[in-house]
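What TrEMBL says about this protein:
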- 47-463: domain 'Major facilitator superfamily (MFS) profile' (DOMAIN)
- 122-142: transmembrane segment (TRANSMEM)
- 148-171: transmembrane segment (TRANSMEM)
- 183-204: transmembrane segment (TRANSMEM)
- 216-238: transmembrane segment (TRANSMEM)
- 287-307: transmembrane segment (TRANSMEM)
- 319-337: transmembrane segment (TRANSMEM)
- 349-370: transmembrane segment (TRANSMEM)
- 376-396: transmembrane segment (TRANSMEM)
- 408-429: transmembrane segment (TRANSMEM)
- 435-457: transmembrane segment (TRANSMEM)
Amino acid sequence: MDDKHEVQHMELEAGSTKNEGGLYNYVPGSDEEKRLVRKIDRHLLPMLWIMYVFKLLEWFKADRTTSYIDRSNIGNAKVGGMQADLKLSSSDYSLVLSIFFVGYLLNEVPCNMILSRSTPSIFLPTVMVLWGGMSIGAKGVNSLGGMVAFRMVLGLVEAGFFPGVMLLMSCWYKPVEMSKRIALFYTASLVSGAFGGLLAGGIIEGMEGVAGTRGWQWLFIIEGLATVVIACVAYFVLPNYPTTTKWLSDSERELAVARLGTGRDEEGEHMSHWQAFKIALKDPKTWVFMLIYNVLNSVGTISYFFPTLMTSLGYKGRKAQFMTTPIYCVALVISVINGWNADRTGQKAYTVIGACLCGIISFIICVTVHNNAVRYTFICFGGAAIWTSVPIFLSWMVTMFDGREPRAISIALINGVGNLSSVYGSFFWPSSDAPQYVTGFSITTALIGFAAILVALAKWRYQDKGFAGIPQRGTRW
């Protein structure tokens, strides 16, 4: 073997080479690619996970500061809450919660437009610094108008985070790698749900009256400060896009782009925002996935009522709060296992359908059975079905749009409309339906069944890039 062919052979064994025309020969599954993926994981996943935890703590903070006492039933008058301090009526409180989603929906597309042409390592941490700083400043809010304005602007600021994360991950990972990673990322919501309320309660009780400040105000201050600190670390850890990340070598950068199969990291680079917006709106997949995500999120609003459901099962006081934790723990284990399996099989859509079918069975049992132990068990499995279907759906959805800028807009539209379910989902569970909550479980069952049908139709029409299009060994890009 002459020297030239020996060098090419050694490069091929390492995972890649260039042919005589300068084209990149991508070799899937090489040691070089495995090392690169591990490097990407180290820089991306832990940091995004921590950032998402603090995002969720901020998102649900208003609920915790007003209703923690009711949920835990500790009856300690000195703790009080935001609702009492600001003299909010029930309708005022609903306005405070709902106005967040107005800002959130309005700013998602503009934020992702900006992110598609900017540097994620600056954009995402800056968004986090802004909402953390606003949280600290919320101590000065002393009226309904102030809290409404705060929540509205908070929605505008936070709108850039979640769809931005989905866009960033889609620019680094192949479709066959997405499910387990988004499932792992999404466990942040489960950890926040399991322990966020307990943390909030500890701060509200333990810090009540310190330095003349109410406990709920300390909750905003402490979590806001922690958010800013995490964001400062993220500036130095998060990557940008494969072609602009400094901690990649030239060969790693070429491999990072080539392994995506279409070079999609650079697609749409010279497209105007208006052109990208029109492409996203004209793509029927945008509207189909928007509907699916809204329906799945509507089912997920059951999590707002877990403490209430625990009370209907006979658990009181702190025990009702503690009994929500196993629901999230079961969901965490099942969702991660299914995320790994969806990548292994390449069948994201079928995994979502399977999770929906599990949810249908679980919620039917919850509404028809009167044994509280059985109901609790299937509330756990129903929750696992929801938090399996949502992240795996997201991992499927983000791979179905080509071109960074049109994909950014489609993701933002789908996420924004999907989260509107949080506004109307609270009406599914009227307190008059206790203890069986027939209305809530019936609507939830119908919606998750509808989601399964929609996913099956979308799979039939658009297929699944979790399996199709995986480059074969020796493919040239």
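Quick reminder: no glycine exception, Cβ is built from N, Cα and C everywhere.
No curator has checked TrEMBL annotations; they are predicted automatically.
Mean model confidence of the domain 'Major facilitator superfamily (MFS) profile' (47-463) amounts to 86 (pLDDT, 0 to 100 scale). Contact between the transmembrane segment (376-396) and the transmembrane segment (287-307) is supported: at least 3 Cβ pairs lie under 8 Å, counting only residues 6 or more apart in sequence.
For the transmembrane segment (183-204), the partner stretch with the highest count of Cβ pairs under 8 angstroms, out of 148-171, 287-307, 319-337, 349-370, 435-457, is 319-337. Among residues of the same chain six or more beyond the transmembrane segment (287-307), those with a C-beta under 8 A of the stretch's C-beta atoms are 63, 71, 193, 197, 320-321, 324, 327, 359, 379, 382-383, 386-387, 389-390, 393-394, 397, 400, 410, 413-415, 417-422, 424-426, 428-429, 437, 440, 444, 447-448, 450-451, 454-455, 458, 461-462. When Cβ distances are compared across the two stretches, the transmembrane segment (216-238) makes no contact with the transmembrane segment (435-457), since fewer than 3 pairs at least 6 residues apart fall below 8 angstroms. Ranked by the number of CB pairs under 8 Å to the transmembrane segment (349-370), the listed stretches 122-142, 148-171, 408-429, 435-457 are led by 435-457. For the transmembrane segment (408-429), the partner stretch with the most Cβ pairs below 8 Å, chosen from 122-142, 148-171, 435-457, is 148-171. Note on the transmembrane segment (122-142): residues 51, 54-55, 58, 61, 85-86, 111, 114-115, 150, 153-154, 157-158, 160-161, 164-165, 168, 213, 217, 220-221, 223-228, 230-232, 234-235, 238 of its chain, located 6 or more positions outside it, place their CB under 8 angstroms from a CB of the stretch.
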